[in-house]
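What TrEMBL annotates here:
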| type | residues | note |
| --- | --- | --- |
| TRANSMEM | 27-52 | transmembrane segment |
| DOMAIN | 45-296 | domain 'G-protein coupled receptors family 1 profile' |
| TRANSMEM | 64-90 | transmembrane segment |
| TRANSMEM | 96-124 | transmembrane segment |
| TRANSMEM | 136-157 | transmembrane segment |
| TRANSMEM | 201-225 | transmembrane segment |
| TRANSMEM | 237-256 | transmembrane segment |
| TRANSMEM | 276-298 | transmembrane segment |
């Protein structure tokens, strides 16, 4: 029997089957082109950022250390999903081990939470730099930056650790087929039988807690920043001060805009085709890791100069 391949003696299937983008299977090869290009740019951009920040002592400042954290998170976030997606698109390799699925889900959600925390930390960095410039070096010390990084990791791991254990206890009587490109929490929950209300409530509560709380403090930081900038005497000083925030604002928009759009789509356009929701969910994973290095590379003078110097040396 075919069912025996999925280990019915256990409460869960031995493997799940990821369908990719349901309804667009005939376009998987074409869809893989922008996915592969975006992933390649994300790898190159974030690895370059990490190399430059590590190699040049002048960039060992709080702003760039937070940027290095962001680059490392983006690398893990995209690498936890994209290789498997491309395997689905190119080779129709849809099987994923049950425990591998839970691990992928853990990395996906926990590193998304870490990214939100680092963006909040970067907002705090800009607040201190503009509103308390004389105290910048005494407030944002090396030990504090380390503690912020550890707190970001601890919060994400604490919030996401229960999910694999909660999902492991279910019996998956609705089959092993996940109508998605990767193991997303709610996509797995939909296959489970029994009372899944706690999972539903927990998933929504964590998402709302992270997005609402972090975004609230980011916006609050920029209210204080904007007030401080407007109090500066000259227009040139105001432009220069706020110019240091442009890259961070771009990173915030790149991360939170797809999250908000995807959330609104799930509630407003419930009758939309499944592939519409999945494409938006993929955009949220693909876009920030690719665009963040470009934003900071173009807008941050110190990084731009180091990148140009790196490539000019190679040409010579």
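Just so it is clear, glycine is given a Cβ too, placed from its N, Cα and C backbone atoms.
It should be emphasised that the depicted structure is a prediction, and the values quoted were computed from it without experimental measurement.
Contact count against the transmembrane segment (27-52) (Cβ pairs under 8 Å) is highest for 64-90, out of 64-90, 136-157, 201-225, 276-298. By the Cβ criterion (distance under 8 Å, sequence gap of 6 or more), the transmembrane segment (201-225) is counted as touching the transmembrane segment (96-124), at least 3 such pairs being found. When each of the listed stretches 64-90, 96-124, 136-157, 237-256 is scored by C-beta pairs under 8 angstroms to the transmembrane segment (276-298), 64-90 comes out highest. Counting only same-chain residues 6+ beyond the ends of the transmembrane segment (64-90), those with a CB under 8 A from a CB of the stretch are 18-20, 28-29, 31-32, 35-36, 39, 42-43, 45-47, 49-50, 53-54, 96, 104, 107-108, 111-112, 114-115, 118-119, 121-122, 125, 145, 149, 152, 181-182, 251, 282, 285-286, 288-289, 292-293, 296, 302-303. The average per-residue pLDDT of the prediction over the domain 'G-protein coupled receptors family 1 profile' (45-296) is 90, rounded to a whole number.
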